[in-house]
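As structure tokens, the structure follows; a few thoughts come after it.
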Amino acid sequence: MDFREEYKQKLVSADEAVKLIKSGDWVDYGWCTNTVDALDQALAKRTDELTDVKLRGGILMKPLAVFAREDAGEHFCWNSWHMSGIERKMINRGVAYYCPIRYSELPRYYRELDCPDDVAMFQVAPMDAHGYFNFGPSASHLGAMCERAKHIIVEVNENMPRCLGGTECGIHISDVTYIVEGSNPPIGELGAGGPATDVDKAVAKLIVDEIPNGACLQLGIGGMPNAVGSLIAESDLKDLGVHTEMYVDAFVDIAKAGKINGSKKNIDRYRQTYAFGAGTKKMYDYLDDNPELMSAPVDYTNDIRSISALDNFISINNAVDIDLYGQVNAESAGIKQISGAGGQLDFVLGAYLSKGGKSFICLSSTFKTKDGQVQSRIRPTLANGSIVTDARPNTHYVVTEYGKVNLKGLSTWQRAEALISIAHPDFRDDLIKEAEQMHIWRRSNR
């Protein structure tokens, strides 16, 4: 069947398409790399006509046009599934709010929401010969999002990579209300946050020493996971697999070094499985039309049952800080939301259930405040208002540049002792004093 005629019938300008949106509507803006561009600019032109339009999305990679005006909050409200630096600034302006989620559950949220989307709009790759628009590197929850949306608008971007996968990786033209051809902006890029530091490299070495041949990898975003990836690429490891929430540049380096073939994976053999990808153009070019990659919905990639089915699963993630009980905060600085819960807990739990699996929470032992003060990331208790991303019974390995400790099965005093042993030496005595006051320190430890 030739879908070109239907394409012509549904093709409209961005200005025409956004006329579907009314005051009070819920509107999905896409996710990460396929957040709308031309449609965002078109909706911004209608600001004065609209009130209480509730927008949903996450991991914004550039500022939105609808929030350019100072009074934008009187017309639009941003609801984020996961915060980027841009969204943190929007929270400070009072125009954005975080939606706490367990990322693996997000498709179900959409299928059961009391307030489904009035309009869902997002960027896609050009239509293929079969009438499908590929979601690009963001299968994630988009299929579920489209199922209950009253109207769907796709913004075609010729630069969007066509990402192959299993299910829910695109939408058929028959399900689309309008098609908009945008200006084909470059896909938003997300770097690793600068080159790896000596601390990053020290942590990476401690983790790589724990990775066996044939392991299946999950890497988070940031300097430390990328440092781990670089070290793996230079190592003698072989027959590695990938099953991850987020595909990052480090995986490209590991794959091109010949370390990844997926031959030992118990499921999805020979495929690198991921829910969404965000990185540099190098990564997008690698993802494009690559049959080795498998883009999949997040309720599959992050399902504990999927993760635990893969032997020797190695999960590597960052944290903001951790307390002496082993509670991990990976998303906030006190009451200030930094990122989101994402799928970290899913992988912490799934990796431990995997035969031979291990979960690593990595962090530098210290950080500097804006006024130059050095503080410990290992704290007696989390700061007031900080979020517990991973509860203490779930925390497995914790790694700093001073060592790695396994918290599973340890009592409170053993946990305190273990964590203090990998804290920066300048803070250990103070941590011991705090542990004594908390009644989780035994004098015989000294």
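Glycine is treated like the rest: Cβ placed from N, Cα and C.
Since we're looking at a predicted model, the values are computed, not measured.
Per Swiss-Prot, the features are as follows:
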- E245: active site, 5-glutamyl coenzyme A thioester intermediate (ACT_SITE)
- G220, I221, G222, G223, M224, V320, G343: CoA binding site (BINDING)
G343 (CoA binding site): secondary structure state under DSSP, collapsed to three categories: coil
G223 (CoA binding site): tally of other CB atoms within 10 A of its CB: 21
Binding-site residues compared (M224, V320) - the one with the fewest other Cβ atoms within 10 Å: V320
Pairwise Cα distance maximum in Å, CoA-binding residues per record: G220, I221, G222, G223, M224, V320, G343: 18
Of G220, G222, G343 (the binding-site residues), the residue whose Cβ has the fewest other Cβ atoms within 10 Å: G222
E245 (active site, 5-glutamyl coenzyme A thioester intermediate) and G220 (CoA binding site), distance between Cα atoms, whole Å: 8
Greatest C-beta neighbour count within 10 angstroms, which of the recorded positions I221, E245: E245
Length of the line joining the Cα atoms of G222 (CoA binding site) and E245 (active site, 5-glutamyl coenzyme A thioester intermediate), in Å: 14
Distance [Cα-Cα, Å, rounded] between I221 (CoA binding site) and the residue listed as 'active site, 5-glutamyl coenzyme A thioester intermediate': 10
Inter-residue Cα distance where the pair is the residue listed as 'active site, 5-glutamyl coenzyme A thioester intermediate' and G343 (CoA binding site), in Å: 7
G223 (CoA binding site) to E245 (active site, 5-glutamyl coenzyme A thioester intermediate) - Cα separation in whole Å: 17
